[in-house]
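See structure below.
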Amino acid sequence: MEKQQEPKAVIVIFGATGDLAMRKLFPSIYNLYYNGQIDENVAVVGAARKPWDNETFREHVKKSLMNKVDSEEEIPDSFLSRFFYESVDVTEPSSYQNLQHLITTLEETYETDGNRMFYLAMAPEFFGTIAQNLQAYGLKDGQGWTRLVIEKPFGHDLPSAQKLNNQVREAFDEEQIYRIDHYLGKEMVQNIEVIRFANGIFGHLWNNQYISNIQITSSESLGVEERFHFYNQSGAVRDMVQNHMLQMLALLAMEPPIKLETDEVRSEKIKVFRAMRPIKPEKVDQYFIRGQYGAGEIDGNPVKSYQEEHEALESSNTETFVAGKILIDNYRWAGVPFYIRTGKRMAEKAAKIVVEFKNMPMNLYYDEKDYQQPNLLVINVQPEEGVTLHLNAKSNQPGIQAEPIKLSYSYNCKERISAPEAYEKLLLDCMLGDATNFTHWDEVALSWKFIDSIIEGWKMQKPDFPNYKAGSKGPEAANQLLEKDGFHWWPIKDI
Ligand SMILES: NC(=O)C1=CN([C@@H]2O[C@H](COP(=O)(O)OP(=O)(O)OC[C@H]3O[C@@H](n4cnc5c(N)ncnc54)[C@H](OP(=O)(O)O)[C@@H]3O)[C@@H](O)[C@H]2O)C=CC1
Ligand SMILES: O=C1O[C@H](COP(=O)(O)O)[C@@H](O)[C@H](O)[C@H]1O
């Protein structure tokens, strides 16, 4: 994979007036600029239908940074002046001709070596059209590299993802396509590989001889907000499990790649997706459970049920919570359940991975009949970023010989500089030609295949929704899923 160390490019953001650009993309570009990771050889073109000019767009970009930067911090003109706006309708050929003209001019001014990044921050129904028009009107054929960043969701199921992929692949090569999964840009998700492959104590124990189960949780306290329309057609399994949760699972389960290179890492992840035991639709209830929140309370404030949030959601059968057990049928993981859990309107906003090690065969310090304290490796993905190792050590309490202790390391406290945001890292990776933390088509296809049969199983029966209270830990069935295997969910707070 060709890599380039000096980020030089014209970045075209389709959907530049939208929510993602405002909340994530502009602040990330600013941080890259502020930290000196991009400089004079980068220009940004915002493209959307609003009839804005450069000045209006620059004001909008400035506004997007206000929540992110110190109130004293002036956004320098040298930063804002590299933002340009082109009013386009992505379905109109003339839009691409105008864009081509602007990009070519900026390439000369900013000496970008003809490199072009097209970021599709638009509704998914436009992904294929834009890719094909970029090719048809010659925007893809610059003098340097051209890369296409595609937001999620990449399809709604395997057939639609396949159709979209065919459209995109008619115009772009796989090497040019950067399918974004922002969890792969998170500091602690990237840390999974380092923890596993740079530490003998974990590397040697990372298998079914020593690990009893692995739990991956991403819980949110927010509801569906303005995205209810999209979310109601998608649900938690498509919105979170098909992508973020399975990507974390793949990083936890994959074999060590022979090198830390894009193709090697991806190929190990793909093997994990191939080894996931398919869930037959008629057996879905044994492996996956779903939930939808009813009214409840979060931080002392009353919260409406999902169905009450908008009239379009009335009597909706869309799940806002999923918990599942995934088995990986290979030599390393046979018999070790990977439990995943994600939901909206839960008590906490947190993402966490807990690796539970098997108990000692004969523990001298804990009576077999009593509750044993297994060793846990906890990877705190967010909001705190860090790792905690749960061990047992001598107790100084009278009558108690051993007690659980924790060794903790928090990244948030490490240095004054905060960890870069996921989007920031991924944008830079794309400019540097590093696709390791983007998903290959085979990963997307295999994960949809796995998810589709779960959804097929769910379609066979009407769910009994709502089945968990907003502000709770999810439906009781999620606890039973683990209890029948002799396990329980580890808490997501204070662990
Ligand atoms: N927002 C988020 O937190 C997340 C979003 N995503 C994904 O990112 C993508 C964008 O999401 P989001 O920003 O929320 O969406 P928004 O609805 O906020 O923005 C959509 C953008 O598309 C533009 N647009 C719509 N139709 C056209 C058209 N025909 N021609 C040109 N521009 C058009 C709109 O601008 P205008 O009206 O001016 O044309 C707007 O800039 C989606 O794929 C979403 O799934 C993924 C993860 C999180
Ligand atoms: O992709 C998505 O992720 C967010 C959760 O991301 P996080 O970084 O805040 O954990 C989720 O809210 C959204 O529904 C989903 O589309």
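Glycine too: its Cβ is placed from the backbone N, Cα and C atoms.
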Query raised in the report: Looking at TrEMBL, which one out of Glu220, Glu261, Glu264 binds substrate in the same site as His182, Lys186, Asp239, Lys344, Lys349?
Result: Glu220
**Report entry** Cα separation, Lys344 (substrate binding site) to Asp89 (NADP(+) binding site) (Å, whole number)
**Finding:** 34
Query raised in the report: Between Asp239 (substrate binding site) and Lys152 (NADP(+) binding site), what is the CA-CA distance rounded to a whole number of Å?
Result: 9
Requested in this report: To the nearest whole angstrom, state the Cα distance for the pair His244 (active site, proton acceptor) and Glu220 (substrate binding site).
Outcome: 14
Query raised in the report: Taking the binding-site residues one at a time (Lys152, Lys186), which has its Cβ surrounded by the most other Cβ atoms within 10 Å?
Result: Lys186
Report task. Just name the most isolated of the recorded positions His182, His244, Lys344, Lys349, going by other Cβ atoms within 10 Å of its Cβ. Result -> Lys349
